[in-house]
Amino acid sequence: MIGHEKKTTDRTERAVDEASRTGREMPGKDDGAGTSKMALKLGDLAPSFVAETTQGEIDFHKYIDGSWAILFSHPNDFTPVCTTELGAVGKFMPEFEKRGVKVLALSCNDVESHKAWIKDIESFTPEAQVSYPIISDPKRDLAVQFGMLDPDEQDAAGIPLTARAVYVFGPDKKLKLSILYPATTGRNFHEVLRVIDSLQLTANHSVATPVNWNAGDKCMVVPGLSNEAAAAKFPKGFETIEVPSGKQYIRLTPQPNI
């Protein structure tokens, strides 16, 4: 029995090593419920982990408990696009805080590298302060667990780096949004704020946000709500848009939380 357990452990360690080298998911890694470990899906509970950061050791579940949270990864410290991104996040921190969103960054560099790089970020974006923690994941344990590795972007040793991933978690610690960008394309954090506004609004009201919606624009009544229920729920009223099919499924209402 002991020999069997050792072989299983060895196979698991090799799978982790292979995933780190190639950026592929871990084959056959079981989560205790009989399913293989895959990249996070919408509605999944955030992985629980403890990690070293630029602000000391952080227990992720305790850190985000009861709050909205955004975890975003970048390929490498001391690189041009990443420098612009982390500076932008620093500049937008008052906006994230206003929405009650906790922010964490992550890459495969060590903490000392992160701390040294912060000086460059704040120099490049003088109006920004990197007041949020940056997680160190040099062994790529978290990158594999979250499915963040980009097999097309590698370090000098040929090991994949983290992609430009964005994960938004709700107060229940479940994944509400994921976006994955290649290393060559910087993120638009105005868009990240926009989708957080939508997520927070739609989590508490029976509405959906249409194309190019921004905070303050009209929303759409969700299809599952009858006209009678909508009239009771939205005191500002709603407008039904006529369409050739005659179906009354396009219903607009003012944003209910303003």
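A Cβ is built for glycine as well, from the same backbone N, Cα and C atoms used for every other residue.
Curation does not apply to TrEMBL; its annotations are automatic.
Some features that TrEMBL has for this protein:
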COMPBIAS  1-32  compositional bias 'Basic and acidic residues'
REGION    1-35  region 'Disordered'
DOMAIN    40-201  domain 'Thioredoxin'
ACT_SITE  Cys82  active site, cysteine sulfenic acid (-SOH) intermediate
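Every protein chain considered, the tally of other Cβ atoms within 10 Å of the Cβ of Cys82 (active site, cysteine sulfenic acid (-SOH) intermediate) stands at 21. Mean pLDDT across the domain 'Thioredoxin' (40-201) comes to 96 in this model.
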